[in-house]
Amino acid sequence: MQRVNLSTVSEFVFVGLSDAPEIRLLLFVLFLLVYLATMAGNLTLLVAISTDSHLHSPMYFLLGNLSLLDLLCPTITVPKMLGALLLEHKEISFSGCLLQHFSLIAVVGTEIFLLTVMAYDRYVAVCHPLRYPSIMSRMLCAQLAVGTWASGLLNSLLHTSLVFTLSFCGPNKIQQYYCDIPPVLALSCSSTHSRELVILVVAGVLGSSACVVTVVSYIYILLEILARNSPGVWHKAFSTCGSHLTVVCLFYGTTICTYVRPSFTYAPHWDRIVSMLYGMLTPLLNPIIYSLRNREVKCALKRVISQVRRAL
């Protein structure tokens, strides 16, 4: 039986953010500082959650998973982008592009499911505070965390197989700084309509389901707050849910603008900006949002910093 080569393209070339040397150097320094700040913020939050006994609860266990995802998301794309800006090494092999694509979609999908689980956790904490320890047990938290990671990997496997089993036999310049679904689909020399439809349906169903669970959770939280009609309850609920709600709005807005739409609406310059929001800015802001709005996290971070100072 004759073997069919599904791709005649052996490598892809990223279209740089800028071709001007002075702008490239400025962008390199800017993105390097953002990346280092993101790594430092999320690593510090992870250390605080893992070492401080006051943060050994379901909410912070899920927050630790979010910080891990926020470490992985920029690490998948930013080092390659920095190399392209500094060394002008813009090429990536076909297998390297496939791996980068799979890893990024897995992380993004996992984060969507994790934010949904965190919304349910906040619902239980506000609406059923006395039953919270029994409902959100360690076993359930572990199962939910494993489920989010497994769902993200399976979702990424489906999307990656749909994209990279297409034929690529013409242009190989990706109008992006990493291997994303819309710009890679635009390079295929075979028909992509059916696969785009499947991608849109799967992303739409999973994304809308996660969004519905999140919205319903917060509707119940709002109804519970209105039923109690106490200023103290409003303040406690806002301090409990405000950080998560801010992160959800920021993350969902950027990912929906990027993925849940047909490829003919793809605009390279606009999409680079949007992708930077969820790929670089959101992982940077998440630990800041949670630490500024949460007294326990701030106290834990102060203890970690003081321990580091004593050690030094």
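Using the three backbone atoms N, Cα and C, a Cβ is placed for every residue, glycine included.
From a predicted model like this one, the values you see are computed outputs, not experimental measurements.
Lifted from TrEMBL, the feature list:
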{"type": "TRANSMEM", "residues": "25-48", "note": "transmembrane segment"}
{"type": "DOMAIN", "residues": "41-290", "note": "domain 'G-protein coupled receptors family 1 profile'"}
{"type": "TRANSMEM", "residues": "60-78", "note": "transmembrane segment"}
{"type": "TRANSMEM", "residues": "98-120", "note": "transmembrane segment"}
{"type": "TRANSMEM", "residues": "140-158", "note": "transmembrane segment"}
{"type": "TRANSMEM", "residues": "197-221", "note": "transmembrane segment"}
{"type": "TRANSMEM", "residues": "233-253", "note": "transmembrane segment"}
{"type": "TRANSMEM", "residues": "273-292", "note": "transmembrane segment"}
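Beyond the transmembrane segment (60-78), the same-chain residues lying 6 or more positions past its ends with a Cβ under 8 Å from any Cβ of the stretch are 31, 35, 38-39, 42-43, 45-46, 49-50, 100, 103-104, 107-108, 110-111, 114-115, 117-118, 121, 141, 144-145, 148, 177-178, 247, 278-280, 282-283, 286-287, 290, 296-297. Mean pLDDT for the domain 'G-protein coupled receptors family 1 profile' (41-290) in this predicted model: 84.
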